[in-house]
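Asks: One structure, pasted below without further comment.
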Protein chains: 2
Amino acid sequence: MSKIAPLSGFPELLPAQRTVEREVVASLSRTFELHGFANIETRVVEPIDRLAKGGEVDKEIYVLQRINAEADARAELGLHFDLTVPFARYVLEHAGHLEFPFRRFQVQPAWRGERPQEGRYRQFTQADVDIVGRDELPFHHDVEVMSVMVDALGRLPIPPVSFQFNNRKLIQGFYRGLGIDDVTDAIRVIDKLDKLPADEVATMLVERVGTTPEQAQRCLELATIRVADTSFVEKVRALGVTDELLEQGLEELAAVVDGCRAVAGDRVSVEANLRIARGLDYYTGTVVEIFMAGYERLKSVGGGGRYDALASDGRTTYPGVGVSFGVSRTLVPLIADGVLAGSRPVPSVALVALNTEDDRAASTAVAAALRSRDVACEVAPAPAKFGKQIRFAERRGIPYVWFVQADGSHQVKDIRSGDQVEADPATWTPPPADLRPIIVTTQNTIEENQ
Amino acid sequence: MSKIAPLSGFPELLPAQRTVEREVVASLSRTFELHGFANIETRVVEPIDRLAKGGEVDKEIYVLQRINAEADARAELGLHFDLTVPFARYVLEHAGHLEFPFRRFQVQPAWRGERPQEGRYRQFTQADVDIVGRDELPFHHDVEVMSVMVDALGRLPIPPVSFQFNNRKLIQGFYRGLGIDDVTDAIRVIDKLDKLPADEVATMLVERVGTTPEQAQRCLELATIRVADTSFVEKVRALGVTDELLEQGLEELAAVVDGCRAVAGDRVSVEANLRIARGLDYYTGTVVEIFMAGYERLKSVGGGGRYDALASDGRTTYPGVGVSFGVSRTLVPLIADGVLAGSRPVPSVALVALNTEDDRAASTAVAAALRSRDVACEVAPAPAKFGKQIRFAERRGIPYVWFVQADGSHQVKDIRSGDQVEADPATWTPPPADLRPIIVTTQNTIEENQ
């Protein structure tokens, strides 16, 4: 039997930590629903040839096989590595039963067999929100779906996040207007600005993509434009490149930035960052990456964009636009750093103390009365001395202990303050702040990380 | 590329159907929390040698391998096939951070590579509730955890369920008192009463277990006792077998039946059924199987019991008692039969209509005002004729359409009744019944199935 030990890349949360994840998922879900997005869950497996479609990701797929399969049996199923591939398949499979544009959100784990590091796990939960059309999907849905994620993340008690937008049409139109032929290759090189100094990237553009030094210089100038409003439009125009697709991209990006700024509160910043490309080839318009203040080392904590062919069955094409938030990537480090914690590891607000084992029925009746009014509670496991029962509650973070007195009256003690008062199980209600476990944030830590 | 087609054994729900599953899981979770159970999630993979411990189940395990692993690499991880094995491992791994008795619930999928049929899937969601102690776990927790599941299932809008309890000590004590040596083997044979006639089972007891015909007769008499109260105690005593363990089992079973009857409402029946054994060897006291009226063909929709050694690390033993409810096993057939449905496939209560594309900002502002008071809504995708926008809402089951009038006033139309009234986005609230998608039950169907 294998030794009991954590599996690298498969983080697990303790009960109080799990409160953080549950509350975050509940908050995200509630926001998505307020915007009219329906929840779905897909099966976790897909045919391998569908998962491997993207090419570059196939090395990270976990394939499945029954333990007693024939030795030469070919594995046919793998675990999904994101929520986009299964969503595209779900749309194709169930298209006859869906209304388009179809608005869905999905919060599920995904799996990748890659080397684990902070923020990158082998099993990780994502929250995705997408709108998919049949044959066409008007651009205003780009603004809509991005605004929804801005709204959703702005409601979370996490460090401030930054949405950094760009637009593929803008980049492609600019490169085309400059006279660069291999736009895709140029984007791939510019994407290396993350890791390489600008002059090296310029050299690569000349040597690998075949641009002139002047073209390379313009590409770099475009890529350094980063503003928190729509002033990028003027800055791009000042570079003197004209192209129809570029104009369309500028207009779209300006609409996304304006629309998202309108719903962004204090905790979310919205920027046009013309260096953002996102490596994946299928984006065709809006692209976004999301970063968290103090956690830039995680790279993006979310991202997405517009894909004009999310799915296709040969006859019908389904364009989509969506954005994904890395729930595990964000929360596991925040919890590990003590930035977020659960207020207590149990849902119980009160421990109903036990005088003797024979009084269990009386204490159970008190608990039932409290539960009938939605007060979570539990009866003490043993009729220990009251001091011991109070310490039992204390260790679990249960704030109140309930005593059934010998004369049949009741008292409830707030074990934090020591206050003990008479109470009636048919009417007693704790303060709302105590009712359920909540997320505790160390605001200081959040500020320090900025 | 593989053809888009359903994968047998991996059921997926449409958005309205998913409402049913979400509401059921939310209701179960809320009840478990009211009783002080903390939620956890475990990673979905375990080392294969830990999964294969049980012996008989190993053929159903899905093993995992990275797609580019060496051809001769030994697979080391598999998907869990229930929530008990990962919970036991979680307890051992995190024991230093848990308070005992530890009360947890867990709602997650599990996987088995077995042949799919109605109610048996390759991916299925279970809801488990368990209490685990360190070194010891008093019997009263058996009553407690079973009562919690009775309470939880009694709140669900599913056909009536029946909890059928037995106790391993009762069976073992009875057999021992009768003078049967191989109690485990006898239980295994008696378990076949499901599929074989009584006389064949009697013959097997004589031939395979080595009982006398009289002993076999008594075993069958015990197994046919099935009552909805504690009168089984007298019926068993009337069989004239005396044994200390039998007495303890009778007492425990009576306490479980009494405790669960006390919390069972109209929709849950509680029985002592002395034929219930549950095949798995690790149960040591209370055992239960749960059946659903009209769906006896699914066999049990849940089950569980007491295991004196849920987990052990060699030094410390962790006894547990728990019960599992088959969420997919129950809901997928009920949804397929039309017994349960979601009231609509989208969360939106209202569609905010659009006069012209230029008015999108005005309609978006109305939507934001509604959302700020927790009214889920969406803006129409296109400024089509109002009749078309109303039909758009109708197809999605959205009950209200909101119109921004030319004079700046607002009207809202209930498209079911046709009633249209003036309304203010800052104050309008739909009736509570319309606020969120809910589960619609065809009560007739539930009755017919009984």
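Using N, Cα and C of the backbone, Cβ positions are placed for all residues, glycine too.
Automatic prediction, not curation, is the source of TrEMBL annotations.
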Asks: The L-histidine site in TrEMBL includes A:ASP82, A:LEU83, A:THR84, A:GLN126, A:ASP130, A:ARG278, A:TYR282, A:TYR283. Which of A:ARG66, A:ARG112, A:ARG297 is also listed there?
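Replies: Site partner of A:ASP82, A:LEU83, A:THR84, A:GLN126, A:ASP130, A:ARG278, A:TYR282, A:TYR283 for L-histidine, according to TrEMBL: A:ARG112.
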Asks: For the binding-site residues A:THR84, A:GLN126, which Cβ has the most other Cβ atoms within 10 Å, all shown protein chains included?
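Replies: Checking each of A:THR84, A:GLN126, the winner is A:THR84.
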Asks: Determine the Cβ neighbour count for A:ASP82 (L-histidine binding site): the number of other Cβ atoms within 10 Å of its Cβ.
Replies: 17
Asks: So if I measure Cβ to Cβ from A:TYR283 (L-histidine binding site) and keep only same-chain residues at least 6 apart in sequence, which ones fall under 8 Å?
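Replies: The list for A:TYR283 (L-histidine binding site) reads A:ARG168, A:GLY305, A:ARG306, A:TYR307, given in order along the sequence.
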Asks: Can you tell me the three-state DSSP label for A:TYR283 (L-histidine binding site)?
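Replies: Note: A:TYR283 (L-histidine binding site) is coil by DSSP, not helix or strand.
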Asks: Restricting to the domain 'Aminoacyl-transfer RNA synthetases class-II family profile' (A:20-347), report the mean pLDDT as a whole number.
Replies: 93
